[in-house]
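Colleague: Pasting the feature list from Swiss-Prot:
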| type | residues | note |
| --- | --- | --- |
| BINDING | CYS49, CYS75, CYS138 | [8Fe-7S] cluster binding site |
| BINDING | CYS257, HIS423 | [8Fe-9S-C-homocitryl] cluster binding site |
Amino acid sequence: MPHHEFECSKVIPERKKHAVIKGKGETLADALPQGYLNTIPGSISERGCAYCGAKHVIGTPMKDVIHISHGPVGCTYDTWQTKRYISDNDNFQLKYTYATDVKEKHIVFGAEKLLKQNIIEAFKAFPQIKRMTIYQTCATALIGDDINAIAEEVMEEMPEVDIFVCNSPGFAGPSQSGGHHKINIAWINQKVGTVEPEITGDHVINYVGEYNIQGDQEVMVDYFKRMGIQVLSTFTGNGSYDGLRAMHRAHLNVLECARSAEYICNELRVRYGIPRLDIDGFGFKPLADSLRKIGMFFGIEDRAKAIIDEEVARWKPELDWYKERLMGKKVCLWPGGSKLWHWAHVIEEEMGLKVVSVYIKFGHQGDMEKGIARCGEGTLAIDDPNELEGLEALEMLKPDIILTGKRPGEVAKKVRVPYLNAHAYHNGPYKGFEGWVRFARDIYNAIYSPIHQLSGIDITKDNAPEWGNGFRTRQMLSDGNLSDAVRNSETLRQYTGGYDSVSKLREREYPAFERKVG
């Protein structure tokens, strides 16, 4: 597994150890990219900071909370509305965010009075909201503002409110992953065990590491409820503040994103004896295996099987329609964290795509190990790439699509490579059986968009293609080399779900399973 040196990074020789190409028959012991280290000076990283990891990734998806950042307004703006973590309370946490808007004079004279004033103003502006999270930033951490003391003062003066303090300034780790750890531990130290919940079922879980991107959480909770499982809390997408204070009463922690939330799961196991079960909501087989594991834990395998059989029968013909048309298409899998290994194997097995590159921005060595292990020979693996390295990789690999975030994705579009937003999605949710078909549909739509066929044409030279009497459609582009049997199949079909697959779940009624006596 030789290290790969990018031409653009030869002036930063340390970068060579951060990229490898997987060779034939090589094992993980041969070489791995160095990872989760401080970004090398001179390499323009696309990472987020520890503050971003705490507030943007984990904190803000809590739905019934005023989120206030104690620092310059730029920190707040950078973490506002850039992910579609929706909620069933009209997306309150997406619409509003607060900043103390620290200026130079506050750096000189202190900003604790400013913070207290802002906290009180925020609660007055939203009298129906009684919960708040305060996030420390670099500027106010460096001047030593005691935000814990201010929060305690306000709670004494306003006993009906409750405030959580997250001390995770931007410099508190090499990347946003440092912030994940900070907020995990802060929450269990400050808030878990401070509310006693109503237990309504025999099977009670915390759903951990799920952020409800475009409804992912609501899709998965639908499966759990159909199995007769009470979801006590979700950490943190569409989750309630007080629900998360009651995490100590669950029977099982069901963990989705291990990179961002394994820390609180491990602490809940140590402090309260709650076991951890890792699952995967992406892909038919991983999801089916996950539901079976949960069913086995609670002794309700039959309920899991019934859901799996129903969902696979409904959606598999649609997934296979896209698989036939995506077979062999090359993809750069550049999502940043755990999606690297959640997706690496299953998009090849279930969609026919070929992964030619993986990368992490804030992941750890364990993420890269699992990702590389699930990729084939010749895969380029990169840790913390900069923009120029990304462009050079695209030129070398010539992928048909990249699955990544907005920043590298918009750069890719400039060199005529379509991308799909792996962070906030394009038309999600992508979890669940139907969601996985939506994902395949969006990949198909991106690769075969007619606009990409036109983007390489220099219209100044008057060489527009002659396409007869009409514009080419996606299916005209995708079906040219398919066999007649596939093209005319009566069993395979395109996605038939609606634009909004989440709202209907909020109105669904669930079966009432008889509780065990004693």
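Along the chain as shown, the residues are counted starting at 1.
Positions of Cβ are set from backbone N, Cα and C atoms, glycine also.
How about a rundown of where these features are and what they're close to?
Modeller: Neighbour density for CYS49 ([8Fe-7S] cluster binding site): within 10 A of its CB lie 26 other CB atoms from the protein chains shown.
In this view, CYS257 ([8Fe-9S-C-homocitryl] cluster binding site) is surrounded by 22 other Cβ atoms within 10 Å of its Cβ, with every protein chain counted. In this structure, CYS257 ([8Fe-9S-C-homocitryl] cluster binding site) belongs to neither helix nor strand by DSSP; it is coil.
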Colleague: Quick one: pull the CA-CA distance for CYS75 ([8Fe-7S] cluster binding site) versus HIS423 ([8Fe-9S-C-homocitryl] cluster binding site), whole Å only.
Modeller: 19
Colleague: Roughly how many angstrom lie between the C-alpha atoms of HIS423 ([8Fe-9S-C-homocitryl] cluster binding site) and CYS138 ([8Fe-7S] cluster binding site)?
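Modeller: For HIS423 ([8Fe-9S-C-homocitryl] cluster binding site) versus CYS138 ([8Fe-7S] cluster binding site), the Cα atoms are 25 Å apart.
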Colleague: Give the sequence-ordered list of residues that share a chain with CYS138 ([8Fe-7S] cluster binding site), lie 6 or more positions from it, and have CB atoms under 8 Å from its CB.
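Modeller: The answer is CYS49, TYR51, GLY71, CYS75, PRO169, GLY170, PHE171.
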Colleague: Using the Cβ centroid of CYS49, CYS75, CYS138 as the reference point for the [8Fe-7S] cluster site, which residues of the same chain not in that list have Cβ within 8 Å?
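Modeller: Other same-chain residues near the [8Fe-7S] cluster site: ALA50, TYR51, CYS52, GLY71, THR137, ALA139, PRO169, GLY170, PHE171.
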